[in-house]
Amino acid sequence: MSKKIEMEKLVDDLVFIKQAIRKNNNVFKYFSVSRAMKWVLLYAGILIISLSLLINTIITRYASWQLAPTGLKLLIYGAAIVGLLVIVVIKLRTIVKAAKSVESDMSVVKLIKEVYTGQTLMIIIPYFISIVLIITFFNQQDLNHFIAPFLAVLFGLLTNSLVNVFHVKEMIVMGDWLILTGFIALFFLNPLNPAIIVALTFGLGCIIMYLAILFSTKREEE
């Protein structure tokens, strides 16, 4: 009887230790976020590139985005919003489903709390303040062609800063790609339409991260 009690106590202690460890680490450490995200990245990359090329075609056709028909612009804005919402919904559902393998009671609200912790907000908020101020400055100085490259660089730095939050090593690939292509666009590709730069940086960046996850997953399975 005493052995049974000791075993039960040991099990309780192990459960307590497991819960204590879990509280000190976010849920992303215990399941593969990259595998859950790979198809979302592919869809996002295709959407960004498609919309960017379409916008570039419209600008070429009408000499500028401002001169394009209002109805056509509203159609593009609507497609972008719908596409973004679809990707966000797919991303949340996919990650929540994967996270339930660790915590059966995982929900969208709980997932958001896992992401936006005090530590994460300390990383994210300065970047977003910088992004808003830079966009405002370039807009006031009529230097809008610099916005896309600078956004790529800043989002690249932010992506690399969040690697240890989401425990997705492939984020480094995308972060470095955004930084590299952002600076290339800044110094050498200024004559290009910003839509093309967005396709090159963010669009291809998503697809390259998708390919990096595929390569990493294949190596792990071998």
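From the backbone N, Cα and C atoms, a Cβ is placed for every residue, glycine too.
Taken from TrEMBL as is:
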TRANSMEM  39-62  transmembrane segment
TRANSMEM  74-94  transmembrane segment
TRANSMEM  115-140  transmembrane segment
TRANSMEM  146-165  transmembrane segment
TRANSMEM  172-189  transmembrane segment
TRANSMEM  195-215  transmembrane segment
Inset, instruction - Give me the stretch from 39-62, 146-165, 195-215 with the greatest number of Cβ pairs under 8 Å to the transmembrane segment (172-189). - result: 146-165
Inset, instruction - Could you pull out which residues elsewhere in the chain have a CB under 8 Å from any CB of the transmembrane segment (146-165), counting only those six or more residues past its ends? - result: 26, 28, 115, 119-120, 123-124, 127, 130-131, 134-135, 138-139, 171-172, 174-183, 185-186, 189-190, 194, 197-198, 201-202, 205
